[in-house]
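Down below is the structure, laid out as structure tokens.
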Amino acid sequence: MSTTSTPATTGPAARTLPRLGGFTPAMIGLELRRMLRNRRTVVFTVVMPPVFFLIFGSGDDLRHQSAGGGNVAGYVLVSMAVYGAMLATTAGGAMVSIERAAGWSRQLRLTPLRPAAYIAIKIILAMIVGAVSVLATFAVGSVSGARLPTEAWIGCGLLAWLCALVFAAFGLFMGYLLPSENVMQILGPVLAVLSFAGGLFVPVDSLGHTFATIAQFTPVYGVGVIARYPLMHDGGLAVAVLNVLAWTALFAAGAVWRFRRDTARV
Amino acid sequence: MIDVMTLTASPERSTTGPYAVEVVSAVKRFGDVTAVDGLSLSIRPGEVVALLGPNGAGKTSTVDMMLGLSRPDTGTVSVYGRRPRDAVELGLVSAVMQTGGLLKDYTVGETVRLTAALFGRGRGDVEKVIDRAGLGEVRGRLVGKCSGGQQQRLRFAMALLPDPELLILDEPTTGMDVGSRHAFWSAIRDDARAGRTVIFATHYLEEADAYADRVVFMRRGQVVADGTAAQVKALASGRTVRATLPGASREELAALPGADQVEVRGDTVLVQASDADAVARHLLTRTAAHDLEITSHNLEQAFLTLTSDDTGGDGTTTGDPR
């Protein structure tokens, strides 16, 4: 430690509060850098979805069958983009779990950062990584046989991304619920199961009537239908919207509930 | 079961401005455990105060309340006349916590920059605290790859960023080697000379002795002694009188002038006394006591006796739960 003399402190009177409860673009930048430093996050969110597309969606037969205004490869690509956005936003929200385990949340409470600003930053981060995931998946798909009408490239991409907000809430909820350092090792398989159940990997109709009915109530179903709509223009849009709204409300309520407990306890 | 002499060395009151910290009858319970039990404490700006006590004495719970991390169940805690959380937001108070509180996948420099961003401080302040905490060489290193001492200096740098009026340190030198410990305390001393108020919790008697103007002993969530380091030393330099006295009355012995603590074990009485001669004289002339012996004990023992938790028989336990 250096022993340079200390100037007098700022003084109790001359102090002001930071604006916006500590919400700053600088924090978002640093957090993003940290998230991308985590190889596992990058592999899960940016590498895996395009690779899944290459394995499951880019076969010759899929390129030649049409689906909506594009081909089946395009249909699979949209599903993979939804999957990637989901993983990314869940991982973004679930960061709070690691931060709680490390005592970082407690440290942040010794700064002017307000809890609401912290949550807002986490959601923005989740959505940024979600956007990167969708863009990476679409970029790979566009040069590997996926064909979509222009308006579907834009519409499906935007909707896949926006609807992934429900999983940012899911990630936050789980992040506050599970005090684990590696919460994504639990949530990764959970999301895979939910994706099957919600018809993201296999169309629900192909699994029988009963299953198709149940699928409508699972959280991935709505996101998938909405994201594919600009391409397929079919499926019960109203049911899907209702599904997304209900799950978002549920996960957000859960996150708020756990969050309140967390800040009261620490 | 233990009576403890309380040194009331209240420093003369400051007439200008509020106390740096004012705790009034604070009680903090965690379930059945009372971590802080009616604590009152006033600390003036510019004081360097050691909160001394064994693990579970309620030091961390007290510090948490001063930082707004928890609220007392009853009683009040104010920092520079404000609610602790408000004082934190204004950067009036900051802290170096015992463990944790760092993210392994940030670099040292990024951690400081993030803290600066949250306090609305600029690049200049970042450079200043990195320099003051001696982190220049490791600023590009990931926190997870830093030694315990380096991590502690990083916490110190973060605590300096808001340029606080009051710096709170919770067991700050845990896990540091002697060299880092010395360097750390020199930096804190420099700070205090410039007028910063410093409160540190510790269970090292020698740290309290060497660096604090005032020592507050805590035990079971209460202040059991409060005075200057010199007074504390005087208290700790007492001796123990041991004698055989069947049917001894603890209350009677405790009332003797010069007796600090009395313990009765069967026919044996143990009196810890600041005036051992007076106690011995009384025992030998006014009671049937025999086999009397007087032993002196060192500072460390005295401290342990004064603050230890396992000599009591009243069944209450205090903890420091998180």
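Every residue, even glycine, has its Cβ placed from backbone N, Cα and C.
As annotated by TrEMBL, domain 'ABC-2 type transporter transmembrane' applies to A:30-221.
What TrEMBL records for A:42-60 (among others) is transmembrane segment. Listed by sequence, the residues of this chain that lie at least six past the ends of the transmembrane segment (A:42-60) yet keep a Cβ under 8 A from its Cβ atoms are 36, 72-73, 76-77, 79-81, 83-84, 87-88, 91, 129-130, 132-133, 136-137, 139-141, 144-146, 184, 188, 201.
Annotation source TrEMBL lists transmembrane segment at A:72-98 (among others).
Among the features that TrEMBL reports, transmembrane segment is placed at A:119-140 (among others).
Marked as transmembrane segment by TrEMBL: A:152-174 (among others). For the transmembrane segment (A:152-174), the residues of the chain that approach it from at least six positions outside its boundaries are 68-70, 74, 78, 81-82, 85-86, 88-97, 119, 122-123, 126-127, 130-131, 134-135, 138, 142, 183, 186-187, 191, 219, 222-223, 226-231, 244, 247-248, 251-252, 254-255, 258-259, judged by C-beta separation under 8 angstroms.
Residues or ranges marked as transmembrane segment by TrEMBL: A:186-204 (among others).
According to TrEMBL, the feature transmembrane segment maps to A:237-257 (among others).
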State the residues, same chain only, that lie 6 or more residues beyond the ends of the transmembrane segment (A:72-98) and have a CB under 8 A from a CB inside it; answer 'none' if no residue qualifies. 35, 41, 44-46, 48-50, 52-53, 56-59, 61-63, 65-66, 104-105, 122-123, 125-127, 129-134, 136-138, 141, 144-148, 152, 156-157, 160-161, 163-165, 167-176, 178-181, 183-184, 187-188, 191, 195, 200-201, 220, 223-224, 227-228, 231-232, 255
